[in-house]
């Protein structure tokens, strides 16, 4: 047992039990043994992944390598970050306690908040990126997802949360303005806005690619709208507050919609109605995004969010169990030829920097900083829980990314490339695709057109050739894993559409919530302008809301349409932009964190946020540079632009994958837009970093600077810090419970 | 060990497993319900009683109306 002197009880009021427990004791021998065992298992798993060649690695090793690394990192590195930088003080009331209104500010059980936070940060991103990155083999992606998480992404999420908790839950944009000054702050705000637009557009593109020409998928997804409307009305009119009840009904209906999709897709009218071209789907999505962002939240957004939260947690548990039970064998090589040559068909460019761009969510995702500085800090009970929520929440997302990678590397590699290479390369039919992938020089037996056709038929699809975007590949892999555990080949089609549906569901949730947030950001910014634009500040002014929503939808809708019609393959050209944007947002967040650490004169530990920041800047700036300046048309947007322009000027009627002059014009236009966006993103972030450098120099000269931390307010609330309470924490909890007597407890001790 | 003992131990074991199962199911139900927000209204009533004793809490219907209206005015982002 731990000696009493190693435990410090934090008190703010002599009449109250302690509000915090600080334990500094040495690790108990039994714990040491556990840690050693975990470390050894982890080391073995990593060795298997890194060294085994020539035979198929079992997917279980990925799970072991990941989980063991997380445990060790959480126990040692997260603790270091906590002790040296975050420095939580449980004597201090969190914004949730201080401003508790039982609505948006509400101290929430840490285990429940973990679920909330996870559901808010994880979406389709960690599922899609790793699938695309699988073209480089399984090893580079796995290393980046796990190491990037423990040294980068988790540190960012944790520290942004810790910062925001001390600032009443202010957002990253506001903190940038407070800590970096006006110029840095404005650049950060604009960066957040444009990055949001590109994120929505690319995620929508993933949905379009997954659902185009698939009446089954379109029907199931379309059904989620009436299901959500029904749930909204149920909660509003029939039984307010019965959220889990209506969610269960909704999930039941959702499963029914997936099954019914199979029947509908068999009928003539179903095929007529629900077989949509990519362009038509893009228009429908834009219309949906507009409607969802101006409709009241209770009708569509809130119920959708419930469904999405439930499905997210449920499906991920299902997939983890599936992988552990099915233990599939990996088909991809550890490091593929494309990693070394940088000429892969899924995305172009060398391993550095493009692998690190392609996998953003799951390793280091800037978007998380918007969650860690928005809703989550307003629900945190104690400062010391930020490690569990911020660092721990990111570990879970990283684990999801590892599982997504597993599903992509356990399917046949010829099939993988037939699905993921753009139509310009595969030719779009099973015959041409088979010829194309067999010419790639992959290991293993070549594939026949019949086998590609068979793979599509097995999951109830017309074709799987060039279904880029990651979602169909993941769905195919998931269906392979899950049907081998549950239901056999008879359920393969169900599981495929189940996976497509939940990815599309996550993405639609991001699309509607993102459109709404961007709409508010736009109206806030317009409202700050002088003159009649002031009226935009009034949130109840419907015309303003509609105008802003329309502007936002037009912006992302235009990029989406551009991607859908891109002769070069939209995912191929746009996904790097999405990754770069997300990682640049991470650079903004890490810059803010680093500046605060410098201002507080924690010079010895600046490297903790600076390490991922410098790495992230190296990756994003190299990638941006290559995207803008590379002379190779495959990589550089402007090189491609010039090549097509020259061909057009020479009067050619077709060039490369562009078969007509109109397609050539499309490439010329698209590359100009993409090249411009690359310059804008990188430029904005450089402004933020430059502004930060000025503040850093000033602060070091002045010997530290005040930050915008709010003054202390004594806490009068207790809750354990970690997932499982320690003995001392249980004792303190018992004192609080005894004090509460027959009064209703906080629910924390269930 | 006599046959009777074995039966008794078995029964006790089964009861233990049963209890554990009940606890697990209860835990999952508590978690799902709290995560989705079933308990938010009760939490509000309790909060009001503590902070403004004697104040009349609004109905559950009204509580959710206000919450959704606030969500309308302050949207939260969802990540990719």
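From the backbone N, Cα and C atoms, a Cβ is placed for every residue, glycine too.
Please treat TrEMBL annotations as automatic predictions, because they have not gone through curation.
Sequence-distant neighbours of the transmembrane segment (A:33-52) (same chain, 6+ residues past either end, Cβ-Cβ under 8 Å): 27, 61-62, 64-65, 67-69, 71-72, 75, 138-139, 142, 334. Under the heading transmembrane segment, TrEMBL lists A:33-52 (among others).
Feature annotation from TrEMBL assigns domain 'CstA N-terminal' to A:58-623.
What TrEMBL lists as transmembrane segment is A:58-77 (among others). If you look at the transmembrane segment (A:58-77), the same-chain residues 6 or more away from its ends with a CB under 8 A from one of its CBs are 35, 38-39, 41-46, 48-49, 138, 142, 145-147, 149-151, 154, 320, 323-324, 327-330, 391-392, 395, 398-399, 402-403, 405-406, 409-410.
Residues or ranges marked as transmembrane segment by TrEMBL: A:144-165 (among others).
Tertiary proximity for the transmembrane segment (A:216-234) is limited to same-chain residues at least six positions away from its ends with a CB under 8 Å from its CB atoms, namely 207, 210, 242, 246-247, 249-250, 253-254, 257-258, 260-262, 264-265, 270, 274-276, 281, 288, 298-300, 302-304, 306-307, 460-461, 497, 500-501, 504-505, 508. The annotation transmembrane segment is assigned in TrEMBL to A:216-234 (among others).
Sequence annotations record features per position, and here TrEMBL assigns transmembrane segment to A:246-265 (among others).
Among the features that TrEMBL reports, transmembrane segment is placed at A:309-326 (among others).
Here the transmembrane segment (A:346-367) has Cβ contacts under 8 Å with residues 121-123, 125-126, 129-130, 132-133, 135-136, 140-141, 144-145, 147-149, 152-153, 156, 195, 199, 339-340, 397-398, 400-402, 404, 417, 420-421, 468, 571-572, 575-576, 578-589, 612, 616, 618-620, 622-623, 626, 634-635 of the same chain, all six or more residues outside its ends. The transmembrane segment annotation in TrEMBL covers A:346-367 (among others).
Taken from TrEMBL, the feature transmembrane segment covers A:388-411 (among others). A Cβ distance under 8 Å defines the sequence-distant neighbours of the transmembrane segment (A:388-411), meaning residues of its chain 6+ beyond its ends; these are 59, 62-63, 66-67, 70, 73-74, 78, 81, 110, 113-114, 117-118, 121-122, 126-131, 133-134, 138, 141-142, 145-146, 148-150, 153-162, 316, 319-320, 323, 328-332, 359, 361-363, 365, 368, 372, 376, 380, 470, 473-474, 476-478, 480-481, 721-723.
Proximity of distant same-chain residues to the transmembrane segment (A:493-511), defined by a Cβ-Cβ separation under 8 Å and at least 6 residues beyond the stretch ends, is recorded for 123-124, 127-128, 199-200, 203-204, 206-207, 210-211, 214, 216-217, 220-221, 224, 254-255, 257-259, 261-262, 285, 288-289, 292, 304-305, 307-308, 311-312, 315, 458-461, 471-472, 474-476, 478-479, 482-483, 486-487. The transmembrane segment feature in TrEMBL is assigned to A:493-511 (among others).
Annotation source TrEMBL lists transmembrane segment at A:574-598 (among others).
Counting only same-chain residues 6+ beyond the ends of the transmembrane segment (A:605-625), those with a CB under 8 A from a CB of the stretch are 80-81, 84-85, 151-153, 155-156, 159, 349, 352-354, 356-357, 364, 576, 579-580, 583-584, 586-587, 590-591, 593-594, 597-598, 678-679, 681-682, 685, 689. The feature transmembrane segment is assigned by TrEMBL to A:605-625 (among others).
The transmembrane segment feature in TrEMBL is assigned to A:677-697 (among others).
The transmembrane segment (A:574-598) makes no contact with the transmembrane segment (A:309-326), as judged by fewer than three Cβ pairs under 8 Å among residues 6 or more apart in sequence. Within the same chain, residues 176, 179-181, 183-184, 187-188, 190-191, 194-195, 198, 577, 580-581, 584, 587-588, 591-592, 594-595, 598-599, 617, 620-621, 624-625, 627-628, 637, 705 sit at least 6 positions outside the transmembrane segment (A:677-697) and bring their C-beta atoms closer than 8 Å to a C-beta of that stretch. With a threshold of 8 Å between CB atoms, the same-chain residues lying at least 6 positions outside the transmembrane segment (A:246-265) that come near it are 214-217, 219-220, 223-224, 227-228, 230-231, 234-235, 239, 271, 274, 303, 306-307, 310-311, 314, 460, 493-494, 497-498, 501, 505.
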